[in-house]
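Report on one structure; see the data block that follows.
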Amino acid sequence: MYKKSDKPLYGNDRFEGYCLDLLKELSNILGFAYEVKLVSDGKYGAQNDKGEWNGMVRELIDHVADLAVAPLTITYVREKVIDFSKPFMTLGISILYHKPNGTNPGVFSFLNPLSPDIWMYVLLACLGVSCVLFVIARFTPYEWYNPHPCNPDSDVVENNFTLINSVWFGVGALMQQGSELMPKALSTRIVGGIWWFFTLIIISSYTANLAAFLTVERMDSPIDSADDLAKQTKIEYGAVRDGSTMTFFKKSKISTYEKMWAFMSSRQNTALVKNNREGIQRVMTTDYALLMESTSIEYISQRNCNLTQIGGLIDSKGYGVGTPIGSPYRDKVTIAILQLQEEGKLHMMKEKWWRGNGCPEEDSKEASALGVENIGGIFIVLAAGLVLSVFVAIGEFIYKSRKNLDVEEVSVGQCEWHHKY
């Protein structure tokens, strides 16, 4: 890029950037002098239909330049006509797109703190606990009582936990309102206690997550990957004309990328842009997605917080220093790049030029619904409590039956004794 200065600059002093710093380091290691020259057509290098090259690649072929120090992607077709050093930076193709606008909470946002699965499981748990409570209350002898205490010999007994009352008990506990029904047996108290513990965890988790969903704007992007782009035509997308990204889609045999190239080639006048600057401007002002190198996206998004990278990398490649075929500089440049890499200077240069003012992290603003993986353990505890209550109810039934049997045996023995004497 051109260096900003109040004074007129000449020669190599006119430029600055990562590639200029890399060139200076190579010059210091290898001991050569250099003159920076911009290519006349402003292109990196691509073949036309006649097989002729343009841009930097053309100037290397014609020996107009000795080195091409630029974000020049190492590709198969370029490697056939020029030589490359080992890559000084690895990257891949990705998508530059504007960040989606936030959407305000909706009328039913109060349901968002818990996932749909959890809501369904809570409803089923409430019905299940009500049924278990009803059955156990009928089974255990300690939930039956004499409605006429003045007549202790009455054969009429009642049970408060009818099916409707059992459901009401479960709903009341879930709504944290309670009910007038109080279990008397140990088994039914276990059911009630474990259900109260379950509702405590669910309500606490819901309340803790509710505030985030009611106050945070949700950022929903219409696209999340290259597949999403290929499946739609509303959002226009493209790449830099005659660049390596365009060549990748043009040569690709993968169906998704073939479909994307068919879209771009059918709209060449609007989908393909002259350079990165034009593409970035279109992304910022229109509904347009630019396919470009991930390193460029990282650099741009650090300086414009309204832009972001969508999805992962489509491919994997690298930037290399280009030289004419058979140039004695290629191996020397490769060794120098490896030296800079081992010394950590390549990383320091990238940190210097890629680090921007920084954008606020979006992850801290996002809230996710609690799912089974978050609070699924409480359902296990509930199931274990219900199983325990069943065994306790069986124990109560056996204990009460034996106790009644002993009383009957004593009564029969007393009657026989009175009859004898």
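From the backbone N, Cα and C atoms, a Cβ is placed for every residue, glycine too.
Together with P71, T73, R78, S244, T245, the L-glutamate site in TrEMBL holds one more listed residue from E25, E35, E293, which is E293. Here the recorded positions are I223, C305; the one with the fewest Cβ atoms within 10 Å of its Cβ is C305. Spacing of E293 (L-glutamate binding site) relative to K250 (site 'Interaction with the cone snail toxin Con-ikot-ikot') is 16 Å (Cα to Cα, whole number). Around the Cβ of S244 (L-glutamate binding site), a 10 Å sphere holds 24 further Cβ atoms from the protein chains shown. Listed recorded positions: R78, K250. The one with the lowest count of other Cβ atoms within 10 Å of its Cβ is K250.
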